[in-house]
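Q: The Mg(2+) binding site annotation in TrEMBL covers ASN14, GLU394. Feature annotation from TrEMBL assigns ATP binding site to LYS21, HIS218, LEU219, GLY220, ASN221, GLY222, ASP292, MET293, ARG294, GLY340, VAL341, GLY342, GLU343, ASN344. Sequence annotations record features per position, and here TrEMBL assigns substrate binding site to ARG101. Sequence annotations record features per position, and here TrEMBL assigns active site, proton donor/acceptor to ASP158. As annotated by TrEMBL, site 'Transition state stabilizer' applies to HIS190, ARG251.
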Amino acid sequence: MTESSRPTRVLVLNSGSSSVKYQLLDMADSSRLAVGLVERIGEKTSRLVHTPLAGGPDGAGKRERTGPIADHTAALRAVADELARDGLGLDSPELAAIGHRVVHGGLKFSEPTVVDDAVCAEIERLVPVAPLHNPANLTGIRTARELRPDLPQVAVFDTAFHTTMPEHAARYAIDIETADAHRIRRYGFHGTSHAYVSRKTAELLGKDPADVNVIVLHLGNGASASAVAGGRCVDTSMGLTPLEGLVMGTRSGDIDPAVTFHLERVAGMSTDEIDELLNKKSGLVGLCGDNDMREIRRRVDEGDPRAALAFDIYIHRLRKYIGAYTAVLGRVDAVAFTAGVGENAAAVREAAVAGLEALGLAVDAERNAVRSDEPRIVSPDSAGTVVAVVPTDEELEIAAQTFALVGGDRSGGEDRARAGRADDA
Ligand SMILES: Nc1ncnc2c1ncn2[C@@H]1O[C@H](COP(=O)(O)OP(=O)(O)O)[C@@H](O)[C@H]1O
Ligand SMILES: CC(=O)OP(=O)(O)O
Ligand SMILES: [Mg+2]
């Protein structure tokens, strides 16, 4: 780095309840310098996998270490040590900022925001509506601030992209005073992915995002659908929390809310037990004991009826959302599949649109079977609506938003961040 050049590197942290995923990117050319993952934090068998990529994208220098990592603070210190071993330490003057995925930003944050004490306090206030995610996000931010107090830390919120939803999509039909008193409404999540994928889908179609209507199906462990009209989110399947909507790895998605009263009154379960049941013991794992779609497909192919039922319920819900968002959008230019399941499970894509020719939807078996990291069309040329696989890249999007906010130097970011905020949550 010469004296006049500005730092261009951004470290992105995605802290989950028991894991930290991270990437170091150079935003001068959007290249990746290192990627890694710490998993099973808090257990004896924690594992850190670190891959430096500066010497080439083959991952040849991959390093792995196992052994207890007590908490997220220890995990981030271990990540900092690994980066330092490659000469990419957090003390580097080439680091422009650290970007953090924050799952719940309420209504206050519709833009990426430079973190200060007030922002931390707001993320903390939202813990009850993102109990699996916000506490880990906050620990990541606090540790990173301790390690580099001089560096801008930018929070990029999962909820931000969905703040454009119209009131009729964002509100629940419950007593309006009660809802407002407790800020109960639909916020939506995975917004960084929905924004990135809807934009990439327009690119794949050779069109301006403003001219394209897309249904994005983000199918990972957590899963959500969104309806994006001309680049703006108009509806999404997750709600007050990431529990609503599609069937997920361990979450139920939509249920009759009276199921919870019934569990309490008739089954004698506590609120915490019901929370745990719906968030961690439901969805695919609750239905068939597995939450990994690869394993479920293997069992389906072997004729396992429980796995087949779980798969069918998952697909049925997905198809209902495709139908619903077709009605919400009126005209659908593309349906884009993304995240671990959406990008890799051809059987899910095929089943999700089977028999929907009347909606213009179909997959071409040969195209659908292709494995690739590139965005690609899997529908036949004759289909009225494009079905596409568009790999998501939340880390790149977080890095880009972070870098754009701090302007590649350490001034000005805060004012712009504040200007981007809505009035109140
Ligand atoms: N080849 C594959 N076929 C089917 N499913 C896959 C494949 N690879 C990954 N998955 C699914 O992707 C899921 C993880 O997706 P991902 O987007 O990484 O989730 P998250 O970010 O929520 O951890 C796994 O649970 C697994 O079911
Ligand atoms: C919001 C959410 O569900 O995130 P994840 O898929 O990472 O659990
Ligand atoms: Mg994910």
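Going from the start of the chain as shown, residues are counted 1 onward.
Positions of Cβ are set from backbone N, Cα and C atoms, glycine also.
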Q: Using a Cβ cut-off under 8 Å and a sequence separation of 6 or more, which residues in the same chain sit near the residue listed as 'active site, proton donor/acceptor'?
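A: Looking at Cβ-Cβ distances below 8 Å from the residue listed as 'active site, proton donor/acceptor', excluding near sequence neighbours, one finds ARG101, VAL102, VAL103, HIS104, GLY105, GLY188, PHE189, HIS190, GLY191, THR192.
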Q: Near the Cβ of ARG294 (ATP binding site), how many other Cβ atoms are there if near means within 10 Å?
A: 12
Q: So if I draw a 10 Å sphere around the Cβ of ASP292 (ATP binding site), how many other Cβ atoms end up inside it?
A: 14
Q: Give me the Cα-Cα distance between ARG251 (site 'Transition state stabilizer') and VAL341 (ATP binding site), rounded to a whole Å.
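A: If we compare the Cα positions of ARG251 (site 'Transition state stabilizer') and VAL341 (ATP binding site), the gap is 15 Å.
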Q: Whole-number answer please: how many Å between the C-alpha atoms of LYS21 (ATP binding site) and ASN14 (Mg(2+) binding site)?
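A: With the alpha carbons as reference points, the distance is 5 Å.
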Q: Using a Cβ-Cβ cut-off under 8 angstroms and a sequence gap of six or more, which residues of the chain neighbour GLU343 (ATP binding site)?
A: PHE337, VAL389, PRO391, THR392
Q: Give the sequence-ordered list of residues that share a chain with LEU219 (ATP binding site), lie 6 or more positions from it, and have CB atoms under 8 Å from its CB.
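A: When sequence neighbours closer than 6 are ignored, LEU219 (ATP binding site) has LEU246, LEU318, PHE337, THR338, ALA339, GLY340, VAL341, GLY342, ALA345, VAL348 within Cβ distance under 8 Å.
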Q: Have a look around ARG251 (site 'Transition state stabilizer') and count the other CB atoms within 10 A of its CB, chains all included.
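A: ARG251 (site 'Transition state stabilizer'): 27 neighbouring Cβ atoms within 10 Å.
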Q: May I ask for the distance between ARG294 (ATP binding site) and GLU394 (Mg(2+) binding site), taken between their Cα atoms and rounded to an integer number of Å?
A: 22
